[in-house]
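What TrEMBL says about this protein:
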DOMAIN    12-215  domain 'Neurotransmitter-gated ion-channel ligand-binding'
TRANSMEM  218-242  transmembrane segment
DOMAIN    223-458  domain 'Neurotransmitter-gated ion-channel transmembrane'
TRANSMEM  248-269  transmembrane segment
TRANSMEM  281-303  transmembrane segment
TRANSMEM  442-460  transmembrane segment
């Protein structure tokens, strides 16, 4: 019975209230009186943050409340009925819009019901998906923080007709759904009164500043960490043996890999003058790899200096071969770096034993050759004397005048000179290879230190 009675009074109240009501005019008894509209924003969800186009998409609950002077009643006359819910298009609504809207769709707000109280207070809760322009500063990407403004104000009513009042000092974040990319650090609200160039009247607005902090874990593991790992491969190109033929190709491959990551970052970021922090790191790393590849090409030319090249300068022998080779633990080319001294000693022992045996054999062979020559001469003299009756002195002179010994000595000297020249040229090429190896080790440590400090410097700049 009570339910049916309230329903009857609600219909009666609705008919009486809207019999002569017009929603086209501002509902005030005195036209010079200001109508106060209380505004409250509840942030429910951040749908998207488009850094390239600088657009923030957010899901908001917009609550507006005001007093309508023509929609009041005595609740005792209507069986204690203190509020009713009616469609919002039946009552007058303030034309409060988002000033910095960046959406192509200029449709009307959602026509949800309004709550009408007996004292004339109207409360209108309307959900809205807003797309607002947001100036994005990507200087410290992916460790950046952004501040996006949401400015609400009346489009046609000035401050002398409709005044906007903050319900709270900040936006309501109690029902916010946690975002996977952004952290919310606050949403303060500030009221502004601005006089535009078109009009002399003041226009109030309420600006909600959304403070966002990016969650950088995704970008660290997918963009920054691969770049650091790839950049540490660049110095290892100097450690690669020169005869492998892969030193230059390794540097070019690393450079191409970083170019791919650079393009990925460029697609995300807006085309502004502010280069993001990770972009600066990519550019610095690519510059370093380009320099390392150029140095590798120069060192490869030193390595392949053959016998026709000039000898190693004296200052290079002193500085590079004597001092730097010991500092960077570079040994002779082809020598095992784990136990060089032991192998040298064994080689010297073997050379000493072989030399002694060789000299002993040469001495013995020399004496034997002399004895054989003497025996041969005596046999020849005896045979000639027996066979032809020739004097021994004439035969001895004939045998001693053999010119073949002179030619043999000249040939031996020529072969020895060729062997000496070959050994000298080979030693010259080995010296150039050792110079190239020392320079490889020197630049390898230099670039390792550069990569390390550059990574620390870039990450240390993050706020």
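Here the Cβ of each residue, glycine as well, is placed from N, Cα and C on the backbone.
Note: TrEMBL annotation is automatic and uncurated.
Here the transmembrane segment (442-460) has Cβ contacts under 8 Å with residues 228, 231-232, 234-236, 238-239, 277-278, 280-281, 284-285, 288, 292, 295, 299, 324, 328 of the same chain, all six or more residues outside its ends. The list of residues near the transmembrane segment (248-269) in space but at least 6 beyond its ends in sequence, with Cβ under 8 angstroms from a Cβ of it, reads 51-52, 138, 141, 223, 226-227, 230-231, 233-234, 236-237, 240, 276, 278-279, 282-283, 285-286, 289-290, 292-293, 296-297, 300. Per-residue pLDDT, averaged across the domain 'Neurotransmitter-gated ion-channel ligand-binding' (12-215), gives 90.
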